[in-house]
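Contents: one structure, followed by commentary.
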Amino acid sequence: MSQQQRRPWIVGVSGASGTPFAASVLRGLLAAGESVDLVVSRASRLTLLDETGIAFRDAHWREDLRGWLARGADGKPDTFAVSEEGLDGVRHWAAGDLAAGPSSGSYPAKGMLIVPASTACVAGVALGLSKDLLQRAASVTLKERRKLVVVVRETPLSGQTLKQMVALDEAGAVVLPASPAFYAGATHIQDLVDFVAGRVLDAAGVPHQLYRRWEGELGGSRSS
Ligand SMILES: Cc1cc2nc3c(=O)[nH]c(=O)nc-3n(C[C@H](O)[C@H](O)[C@H](O)COP(=O)(O)O)c2cc1C
């Protein structure tokens, strides 16, 4: 695909717990044939290291991303098959690169998914701080009236964060807490993760088969 035709989803990964949510969203976007521009915040490298053992390096992002996407939420390293070519739809930008494409509204993008979103990120985007590329890209997404999905991961939530979440909602963002449901028949951690990721892709309008949808029948989750 030429750069002219390419219209990616920007995926921002901030430093909240929940790197398996990001991996599931990324796999879902790529499986749907979407292009992705990936921004991994500095703080999220700590959560990624803590949750997966992977030290994400800008200079070796393909190798590190491949290991991350192959990993299941239960920690098994080769749960998902991720080929080298499978990452061809991904473009990576360093979090400190404020001259990167997603810094500008003229850069073609479908929208942005922040998954997971730390409370610091929620505050920064609500206030328009643009302290790094992730927050700048989110502000650009809002000003261009494109879809912004913010997958908050914190509990309990302070009044301050709740007010900032309302501000994001009023600015047009979809505030989507990383909050799995149990009606879809989850039996493994991956199912709970994929439910949240599936709801993110629903909000973005990207087709997927990450979870079983409610069909209007109580007890449906126990029938298979
Ligand atoms: C292991 C670890 C887990 C964390 N989990 C969360 C979390 O679940 N939610 C949250 O809001 N912050 C969490 N934090 C704190 C954020 O990383 C911190 O506020 C950071 O400044 C966020 O920066 P960023 O939004 O630029 O990525 C965690 C930090 C560490 C080291």
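Using N, Cα and C of the backbone, Cβ positions are placed for all residues, glycine too.
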Per TrEMBL, Gly15, Ala16, Ser17, Arg153 bind FMN; matching candidate in Ser41, Ser130, Ser179: Ser41
Taking only same-chain residues 6+ apart in sequence, whose CB is under 8 Å from that of Arg153 (FMN binding site), what do you get? Ala16, Ser17, Gly18, Phe21, Pro116, Ala117, Ser118, Pro177, Ala178
Cβ-centroid neighbourhood (8 Å) of the FMN site, Gly15, Ala16, Ser17, Ser41, Arg153 excluded: Val13, Ser14, Gly18, Thr19, Ala43, Ser44, Thr47, Pro116, Ala117, Ser118, Cys121
Measuring Cα to Cα, how many angstrom lie between Gly15 (FMN binding site) and Arg199 (dimethylallyl phosphate binding site)? 21
Across the domain 'Flavoprotein' (9-203), the model's average pLDDT, rounded to a whole number, is 98
Cα of Arg199 (dimethylallyl phosphate binding site) to Cα of Ser41 (FMN binding site): how many Å, rounded? 23
